[in-house]
Structure formats: C-alpha cells, structure tokens
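Student: Structure provided below as structure tokens; questions to follow.
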Amino acid sequence: MSPNDRSLKARHQAFPIHPGRIFTWTLLFLGGVVMVTPILFMLSTSLKDASQVYDLRLIPEAPSLDNYKVVLSDGRFLRWFLNSVIVAVCVTLSNVFFDSLVGYTLAKFQFRGRYLVFLAILSTLMIPTEMLVIPWYLMASSFGWIDSYWGIMFPGMMTAFGTFLMKQFFETVPDEFLEAARVDGLNEFTIWWRVAMPLVTPALSALAIFTFLGNWTAFFWPLIVTNSRELYTLPIGLSSFAVEQAIQWEMIMTGASLATIPTLIVFLLLQRYIVRGVMLAGLKG
Amino acid sequence: MATIALEGLVKQYGKATVVHGIDLHIRDGEFVVLVGPSGCGKSTTLRMIAGLEDISAGTIKIGDRVVNEAEPKDRNIAMVFQNYAIYPHMSVAQNIGFGLYKSTLPEREKRARISEAARVLGLDALLDRRPSQLSGGQRQRVAIGRAMVRDPTAFLFDEPLSNLDAQLRAQMRIEIKKLHQRLGKTIVFVTHDQVEAMTMADRIVVMRDGRILQVGTPMDLYENPADIFTARFIGSPAMNLLPARLTADADGVRAELPELGASLTLGRFPRDEVTGSQAFIGVRPHDLVVGRHDGQGLTLTGRVSIVEPLGSETLVHIDVAGIPIIASAPGRAIPKVDDLVGVHALTGSLYLFDAETERALCRV
Ligand SMILES: Nc1ncnc2c1ncn2[C@@H]1O[C@H](COP(=O)(O)OP(=O)(O)OP(=O)(O)O)[C@@H](O)[C@H]1O
Ligand SMILES: [Mg+2]
C-alpha cells in the first residue's frame, strides 16, 4: 500500500460522507437513469420481433438480430445512412474551416468595422430557424437547389454560433505565438492553419461534435427541401417507416440504434482532444 | 549588408508616447545591447525593428532599404521573445525546426542544423519532449534554438537569458557570443542585466523613459558615463554618490562634503559657473579602498555595517555619517563589522555630477 492510498483511506474515515453529497449523487443517478432508459428500450426493442413490441420487459424473451438483417439488407436504409454521413461530414468540415477562419479574423485582426461585423453575425443567433425556413426555401428554389445535397447543406455551412465560439477561443491565443511565426516568415494563412488552429483543438473538437450531432439528427429542413426518397437523410427515412404501412416500431428502433453508431464514433474520436490548458505551456508565466 | 538605422523613431499608443524619437545606427555585424529599466521601451523598439509594431513617426532602414511598411516576413529577421512563445503543440525538435519553415534547404541540412542547435543549447536529450514537459530555462533555450537555425540578416533577442540560473546564463552568454563571432550577424539584444550588457556588447545603448541616454562601448560607458543614471546602471555594485557643494578659492575649485567631514581639491575646473552649486561626487566601490593612502584624493571614515567577501576582494558596506557607502578591501584583509575604518579613493577615479541636471561634469 503506497502512502498515498493510506492517506486516502485515513481521510475517508476522518471525514464521513457529507449528507449533501448523498443528495447530489442521488439526483445525478436519477438523471442518469432518465437519460439512459430510452436508449436501453431502443436497443431492447430492436432485438424483439413485431409481436413483442408492446411487451415492456427490458430483456427480450427471445432476442434476435433478425431486425438488423432486414434493415441492413434493405437498400434504402443504407442509402439514407450514406446521405446522412455525406451531409453531416461536409457540413462539419465546412463549419470547422469557415467558422474558425472568420472567428480568427475577428479575434486577431484590427480593422475598421470589425465590431459591426461581429454584431451582425451575432444578431443572426436571435432569429429562430422556423422563421428562416421559408426564405431558405425560396432561395433554394430560385437557385434550383431543391432536392439536392447542396440544398440540404447550404443553410448550415457556416453558423453564427460556431463563429462566435471560435472567436472567443482565438482571443485566448497569445499574440506572441502568431508574431513569432510572422517573424519566421510565414504568411497569414499558414500562421492560422499551422499555429493558431492547433492551439484551439479543444474548441474545434467541441464545434465538430456539436455540428455533426446537430446535422445527423436534423429533421425539419431536410424534410422540407427533399422530395425524392433517394435523398432522404436517416431521420426522415426512419420516420417514413412510420407513415408507410402500420408503424413498424421494431424496424424504427433498429434503424435508430444503427444511427447512434456514427455519433458514438465521432464523439469517441474527438473527445480526447477536448483537453484544456495545453496552450499555456509555450509561454512564460 | 545588415546595418540597422533608426531615425527619429517614435511610438505612440493612443496619446501616450512610449518611444520619443530614437536615433541609432547599428553597423553591419555589430552586437548592440539595449539596457534600461522596466517599461523604458526596449521591447517596443525591438518589435518595431522586427515589424511587429507600426511606427508612429521616423524611419527604420535595414541595409539600404527603408522598411517602415515592410511586413515582418519580408525583413528576414530572427527574434527571440521575452516570453519564449514556443508552440505547445510541437515537440522541441519541431519547435526548433519551425525556424526553418520557409527555408529551401535540403531536409538533411535542416536536420543537421536542428541537432547542432540542440547540442549547443544542451537540449539533445529533450528533442522529443513537449514544451509542457520542460522547465522555464529549457523553454527559453528552445526559443533561442528556433532563432539559431535560421540564416537571418539580423537577430533580435528580448531578454533571452532572464530565466536561466547563474551558471547556465554565463554559459549561454558565451554561446550567443560564439554564434555572433561565427555568423558575424548583426545582433540587437535587450537585457536588464548590466553584466550581460558589459560582457556581450560591442556597443551599449542605455535607455530610459523612451529616450536614449547614452550610446558607447562598455568601457566607454564605464569610464565616461554621461549622467548619474548610466553611471549607476553600469558597473556592479553601483557607483556611490556623495552629495557635495562646489566652492572656489585661490587654488581653484573645491568640493566640500560637509556631512561626511571631507573635502576635495578639484583644481582647474572646466566650468566655473557651477561654483556654489550642488553636485554629486561619484566613486565606484572598486576604487574606494579600505585603508589609508598618502596620495591625493578623497578620504572618508565610517563604521562597517556589512561585509561581503567575494574571494578576490571583499565588499565593505560602511556607514559614513548616515550615508551608506560600498567600498572594497583587497585580498584577505577583511575588516570586522562595527569597526571604524578609513576608505580612500585616488584622484582620477572620481566622477563629478551636477545635482540638478544629473549630467556628468568631469572626472577628477
Ligand atoms: N499595447 C500597448 N498599449 C499601451 N501601452 C503599451 C503597450 N505596450 C507597451 N506599452 C507601454 O510602453 C512602454 C514600454 O514598454 P516595453 O514593453 O517596450 O518596455 P520594456 O523596456 O521592454 O520593459 P521590460 O524590461 O519590463 O520588458 C511601457 O510603459 C508600456 O506600458
Ligand atoms: Mg520588454
């Protein structure tokens, strides 16, 4: 037993668990249960057959992967899945690139009207999506973008929120890093890409996760802008399972379970970059 | 040709002027050290030379080219920043190599330069580490390395040794001097430390409140300081200053030090009109020696308050009528605390300053 363990143990005995702590933990636990239960039911339902869907036991009587076979062998599902991947990946990359480019410019360059530009971008945050859908639709239809990937993606290629987030983070990057690169002869674009961007990876990962999740689950706009089934994204495709024939809950749940996989992958890949406090190591103080 | 010429250089932040029209001509291959108290505009001047700070008035020439409007990347200057600014997302090797980002050298040559710099800076064993795994002194050396691998027209150093321990600092002083001798590049070096200034500089520029007080070789500044500030700044420990009153009599001008019970014959004096005015007599601790002498000069008597043996000599702090003075005792003759001792400085080692303008009047 290392001295450290011993002191930990001693501390446990000396300070009995505080009642407030128990309350906090209980609340957190209940919150966790509320969050996790629907996911468990989703998984459980996906393993049941149609006759057992309304049997609310969590562990299915005869669990089987038949639903998965059906869904995965249905060409439509794979198509929708692919559509969602294409849309979410493109929009995420575009956001990571353009939001941070604009955020960096607003944070690190002094120019006339800078504050005004920032305010203008910020003010768009106050307009709800529902109000924008009709203008978007009119715009898309006059450009001939209805029922195309670009039509689904264009409203989200840059977001005010992402720009704001990146601006705030770039403001914490000390100027000396950029100046050192400037003196070493790099041009401004390379400085942004090679020096500033790596310093804000936590923010970039957070932005990427938010954007990916947001677009992966987006329903309203893709529903409006697409007509042909081949262009449906996953959420719309899944909901079309529901209206077609009788609602096939087990199929919807199977599709939904499969749909969580990419979000998990994205999260697991990116969350390790959300480590704070890397930046200060390069400076004195 | 990498001369650097500053002409009437002014920097204003809003209404505040922090650099007031500096004129300075730095010769090709010269090692110039800027010294001065904190906030006097050393970093600002350096940043203007590098092009990181717009200049409010005046011109900067590098070689024959006016670079007022040139971007930093077009000035081909290497700079070491006061707070290092090494990149936390890169290893030590990558950080040092970043200085070569724009270089067109072959990969092999680049690697050779990086390992050479690492060897000189004692960083060989740390090349794969991240900055967060380095001590302050090691980070500072990485920052120096990033400048060393380059082939610039001039180097700018902003207090690059401030975070090193005494031994490493002495070693790095030598390395930077060697770098200078090997490459023969112009170097502008900022420091607080007068020892660094004295030991490294071809010429020292003493600054205060955004102005240049004096420019000269280290010995020049040591021997002929233009004013009290420079006199006290150059040389360690700082020069003693004794308040005096100038009077004239038949033999010429005399300086009376009534509180200290001493007086001094100055002989012929260049400027009679100062007669009757207040002055300061300056004497360096090294020239103010414990023990009686017969020669002409200044003799004081006081009580020893502290002794600081340095080995080769001993600094003796004495209290002369309430004024603390530092003198020196040679070799092993170390006086005891509370002893009453006499100290003596020979004529020729004394400096006379006008008390009002603080300008140097003459040496006596
Ligand atoms: N961005 C700024 N805005 C306003 N004043 C500034 C700015 N940068 C520096 N100053 C002022 O300019 C003066 C000179 O600063 P500078 O950094 O050149 O000093 P320094 O001689 O390098 O001091 P130190 O030895 O402490 O590094 C200081 O009084 C400082 O307050
Ligand atoms: Mg400074």
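Cβ coordinates come from backbone N, Cα and C, glycine included.
TrEMBL lists these features:
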- A:81-270: domain 'ABC transmembrane type-1' (DOMAIN)
- A:21-43: transmembrane segment (TRANSMEM)
- A:80-104: transmembrane segment (TRANSMEM)
- A:116-137: transmembrane segment (TRANSMEM)
- A:149-170: transmembrane segment (TRANSMEM)
- A:191-213: transmembrane segment (TRANSMEM)
- A:251-270: transmembrane segment (TRANSMEM)
Student: Most CB pairs under 8 Å with the transmembrane segment (A:116-137): which of A:80-104, A:149-170, A:191-213, A:251-270?
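Tutor: Answer, by Cβ pair count: A:149-170.
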Student: Output the single range from A:149-170, A:191-213, A:251-270 maximising the number of Cβ pairs under 8 Å to the transmembrane segment (A:80-104).
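Tutor: Looking at each of A:149-170, A:191-213, A:251-270 in turn, the most contacts to the transmembrane segment (A:80-104) are made by A:149-170.
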Student: Under 8 Å, at least three CB pairs between the transmembrane segment (A:251-270) and the transmembrane segment (A:149-170) (pairs 6 or more apart)?
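Tutor: When sequence-distant Cβ pairs are counted, the transmembrane segment (A:149-170) does not touch the transmembrane segment (A:251-270), since fewer than 3 lie under 8 Å.
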